[in-house]
Amino acid sequence: MSTDNDREELARVHYLPSHNGADTEVIEGELISDEEYALLTSQKAQALERYRGYRRDAVTVYKGVRYAATHDYTKTAGKTLMRHGSYVLGGAGVLAKRVWEAKTNSRYERLLRAAEVQGDWERLGEWEQRAEQAREHRHRRRMDWLDAPAKLVKAVVIGAASLIGFLFALGIVLAVASKDLGKILGPIEALLQLVQWIAWVVTVVWGPLVLAAPWVVVLALWNIGRRAGAAPSWLSTGGQRSGEGEPITPSIVVTALRDLGIAKLATAIKEMGDAGASMLGPIRLAGCGVEVDVTLPSGVTTEEVQRKRRKLAENLTRHEHEVFITIPQAARTVRLWIADSGALDEPIGPSPLVTDPDTTADLYTGRAPWGQDLRGDAAAIALLQRHLLITGLSNQGKTAALRALVLWLALDTSTEFRIADLKGVGDWRMFEGLATRLIQGPTDEHVIATTEMLEEGVAEMERRIAALEASGATDGVTREMARYPGSGFHPIFLVVDEAQVAFMCPAIGEDKRPYGGTKNTSRYFMAARKIHNQGRAVNVHLWQGTQDPTDQNLPKLVREGAHIRASLVVGTEEQARMALGDKAVNGGAAPHKLRQGADKGTVVVAGDGVPLPAGQASITIRTHFINGEDATEVAERAKTRRGTVITAEEGPEERDLLDDVAEVLGTEAAVKATDVAARLRELAPEHTDYRKLTAEGLAAWLASEGVVVKKVNGTLTVRARMIHAALADRDDD
Ligand SMILES: Nc1ncnc2c1ncn2[C@@H]1O[C@H](COP(=O)(O)OP(=O)(O)OP(=O)(O)O)[C@@H](O)[C@H]1O
């Protein structure tokens, strides 16, 4: 039944070809025959098949076109083509602008706007003056042009007349010389021939010249556009856009600043237009990177830029750790240091302590070579009379960095160190025989010994303060006084590595006072504070290393008592503030931005003792790594240089200074201190404390024994009466 209906439908709605294949006709209201139906259905099937074929073809073509159009090669080729095209257009724009600027005052107006945006009134005044001068010069030039045609005609007439006159004169000379009147016009004829020949050449080359001229112009515009980077950035191909390691140019810096996402900065830079680069100081080579100062437009704060370090680095096609932002003294200025791509991942060379066996050290006049600053310059640190604190996450090179400084100290034979390593895994073992005290271990007993070491330091400090007072010295502890151990003022360094262990110690002493903690009864804390307060002036130093400088691990007072504060990578900005202080972090110190692991041994140093670039609050130093083996070798060298190996049981030969001085004075009432020192050396040549004793050193030493050595006629003189009185006092005691 349905078949009949279908046929009916087909008959009604379709045009059928007549059997002879001629005209078509509509048959309506009639059933069609089987034959016609078969014909119709086969035609329909064919049409459908054809349609499907077309669709397949269309899809294939579409896919092919889409594949070709979206293929990387096509994209690259298309972009390359468009880029080069836009160089030509851009070049034309640049040229037009140059011409416009040369002919008008627009350049000055742009610079004036830039100075105004930056709020630089001095520069604004200067540019105004220059703009006025330029306007005047231009006016003068225009006036000159009014006279130019008359001058030109005059010049041409005079020039032509002179030339003809000259050629005529030349012809006369030739005619006279050759006695041939016909030669008078010879030179003029030659000139005419030359003109003819040039005209002929011009007609020959004119056609090709005219043909080539537009291309030469296009090429020149393309070159100008290319140099000016006139193509939009989306037309740059992948390889170009990555820009990794691109050299830093003023336009790159200005664009990076513009795109920082600081609205005011972006608007100001846009307003400045091409004069944006006037915000920048010169881009200077600085070690393995470049450095540039940026004067920010008014209304943009240095902190805002500092907070955008990562974005700035990305805009400069660098990694975050490769860009450092510090705040120099000049107002509204940030200093950017931008590393050459990947340069910071290159290791720095070994320490001079390792490579140069002849390295010497003088605490008073020298600096410890610690590493390199980011500019690649050697970073050396002055350590005299400076307490030190170094912090950083575990395993980032804290012990190694601290030990490198102590190794340098060891090469100055006048120094003494007492070391507590509260981790105790052998990092400081090489100081056995070199340190007068070496505590190694993490237990409460080790903390107790460390606390006692600090308390002995306090006692020594107090003795020295009293002795210095008694000596009447006016310049504190001088180098001469400090130089030799026997003077009683030689530099002492109390080194506590992993100091947090001491603060966390729960042990309570017999006096009921806790060793650890941060109360005002805590023994370690109190001893550390006393040394921080008064030790510096009498050469008693405290150096501490700690993992995490929180209030529990290292109280604020102890953190702030250190003159030199160094931090390896720490976890957060808050920790960075604890490690280095607010001032340093506000000024751009960012140990929290260092990379854990990758930046092992890199310290950000604030405070005293480091040569900071003007106006900077901190410096980043990549320290030389001295491994255990090399450290042992340097320590052995120091022991050899000192001539004696100190052991805990056996100190240097004991001598009694008062007895010895009494002996060398003999019956004399007063002897110059230099002579007494010389006699002491003669008396006990093997005694290290006498070996290099000076008059000042002797005076200080005697002061610590209660004998005042005064100057007689400007020379320090030891009086026998005072020595005998001190001996008598001692006997009475
Ligand atoms: N200046 C450096 N350069 C490169 N690598 C270093 C440097 N200093 C240390 N390291 C590496 O870091 C490792 C850990 O060093 P170190 O023991 O000094 O760390 P630490 O911070 O004291 O660790 P912890 O706090 O856990 O004791 C060293 O074994 C060494 O491989």
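Using N, Cα and C of the backbone, Cβ positions are placed for all residues, glycine too.
Because TrEMBL annotations are produced automatically, they should be read as predictions rather than curated entries.
Its Cβ placed at the centre, Asn395 (ATP binding site) has 12 other Cβ atoms within 10 Å. DSSP assigns Asn395 (ATP binding site) to coil in the three-state reduction, outside any helix or strand. Under the heading ATP binding site, TrEMBL lists Gly392, Leu393, Ser394, Asn395, Gln396, Gly397, Lys398, Thr399.
If you look up TrEMBL, you'll see 371-577 marked as domain 'FtsK'. When pLDDT is averaged over the domain 'FtsK' (371-577), the result is 91.
For 152-177 (among others), the entry in TrEMBL reads transmembrane segment. Within the same chain, residues 183-188, 191 sit at least 6 positions outside the transmembrane segment (152-177) and bring their C-beta atoms closer than 8 Å to a C-beta of that stretch.
Per TrEMBL, transmembrane segment is recorded for 197-222 (among others).
Summary: among the binding-site residues (Ser394, Gln396, Thr399), the fewest other C-beta atoms within 10 A of the C-beta are counted at Ser394.
Within its own chain, the transmembrane segment (197-222) is flanked in space by residues 84, 87-88, 91-92, 95, which lie at least six positions past its ends and keep a Cβ under 8 Å from the stretch.
Of the listed binding-site residues Gly392, Gly397, the Cβ environment within 10 Å is emptiest of other Cβ atoms at Gly397. Of the chain residues outside the ATP site list Gly392, Leu393, Ser394, Asn395, Gln396, Gly397, Lys398, Thr399, Gln547, Leu568, Val569, Lys600 have their Cβ within 8 Å of the site's Cβ mean position. When the binding-site residues Leu393, Lys398 are compared by the number of other CB atoms within 10 angstroms of each CB, Leu393 has the fewest.
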